[in-house]
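The feature region 'Disordered' is assigned by TrEMBL to 1-21. For 8-18, the entry in TrEMBL reads compositional bias 'Low complexity'. Look at TrEMBL and you will find F26, E83, F293, E324 tagged as substrate binding site. Summarising the annotation, TrEMBL assigns active site, schiff-base intermediate with substrate to S84. Here TrEMBL flags S84 as pyruvic acid (Ser). TrEMBL lists C98 with the feature active site, proton donor. Annotation comment: TrEMBL describes S299, H320 as active site, proton acceptor.
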Amino acid sequence: MAENEDMSNSSSNSSNSSSREDMHFFEGVEKLLEIWFEPNPSNKGADLRKIPRPMWEALLKTVRCEIISFTRNEQIDAYVLSESSMFVSKRRWILKTCGSTTTLACLEPLLRLASEIAGYGEIEELFYSRKNFKRPELQVSPHRGFDEEVAFLDSFFEDGRAYSLGAINRDCWHLYTLSRGGGGSGKLEQQFLASNNISMNNANANNMITTNNKQQQQQHQQVVEMTPSAKMNLIESLQLPDPDQTIEILMTDLDPKVMAVFTKDVCSTALEATQKSGIHKLIPGMVIDDYLFDPCGYSMNGVSKSCGKKYKEGCYMTIHITPEPDFSYVSFESNVASSSYGDLIARVIDTFQPGKFIVTVFANKTSSAANVSRELEHLATIDQWKRRDIQFSRFASYDLTYAQYCKYPS
């Protein structure tokens, strides 16, 4: 995030109606846009990374931010921005921007670049999400309210759906996604069973499997007893969707002593802030690109040195920090796969010491995180934090878990 963003471009002598409070406020809450493009059978070389940097810079001008740092590996180009981050993979694109940026204004130029330069014609998945703003009245169109954002997205997509999770009169989280795709465990089961000549009894309300002979029963038992690696090989052989998951932890009311690390008064470099805070220990094996703003504020991107062949779009993490006590905010996001995120959540909140935080986990049916909702359901407390809200949603291709925690007593 950019702590240098001036809420008004006028001097302190200006007679306009902006108050001193406005001039010294920064909206840390980000707008997060993630788009997956459909593979193009007629263009195997389609790749978003073909889009040259000057074109990304022009696109980001429409969003009101700019590139300040860059790192890459074989799968991801990762950009630290003046207001948060951008990640570009072969067919996945992520833009996360804070402040009064206009994230959705990039949609039209993005779709044009994806078609003309990258070689993609269709969107497979789209997710736009954000926490509720602390000062929504300081946003500009099309972000002056979630209703306006939904109307803007609906002008592009006929099959969009909008949701709000949490208490809308307190902390909540908004989501816009597309109602398309599908499959899931039923698809996996049916395709595998067909390959083994096992029929489904569609008339059975419990979807019980009928078999013709003992040999087929033995084959089914072998499927049930598969090791995780064997199951992953099966998924790949059936050409099901690549495993995908995202965890986000959005923190507010943070400990001022912890936040002081992310100021130039305490740390002179981003590396010093990263090491003094312990950020480098959150997810081992990340190549970190970090930036410490003047006089305060911090952003980092991490790209995984190796996250396995099954994650073709690469693995990343990103953290953005607004440290001022009156509107402190920290976001953590990663797509690193895990069947259990409890330890990671505990490390993150122990590092930053928020008064409150929201955690969201998206996972598709082929992800190792597909059952994380059960884990969060049982995490009523995490050290000093008590869960106040939890909700589950099932979409065509993904499951979503939302939970909100407060430090107690509160």
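Here the Cβ of each residue, glycine as well, is placed from N, Cα and C on the backbone.
TrEMBL labels come from automatic prediction, so no person has curated them.
Of the listed binding-site residues E83, E324, the Cβ environment within 10 Å is emptiest of other Cβ atoms at E324. For the binding-site residues F26, E83, F293, a Cα to Cα distance of within 10 angstroms from H320 (active site, proton acceptor) holds for E83. Listed recorded positions near C98 (active site, proton donor): S84 (candidates S84, F293, S299, E324; Cα-Cα distance within 10 Å). The two recorded residues, F293 (substrate binding site) and S299 (active site, proton acceptor), have Cα atoms 8 Å apart. Among the recorded positions F26, S299, E324, the ones whose Cα is located within 10 Å of the Cα of the residue listed as 'active site, schiff-base intermediate with substrate' are S299. Around the Cβ of C98 (active site, proton donor), the number of neighbouring Cβ atoms within 10 Å comes to 28. When each of the binding-site residues F26, F293 is scored by how many other Cβ atoms sit within 10 Å of its Cβ, F293 comes out lowest.
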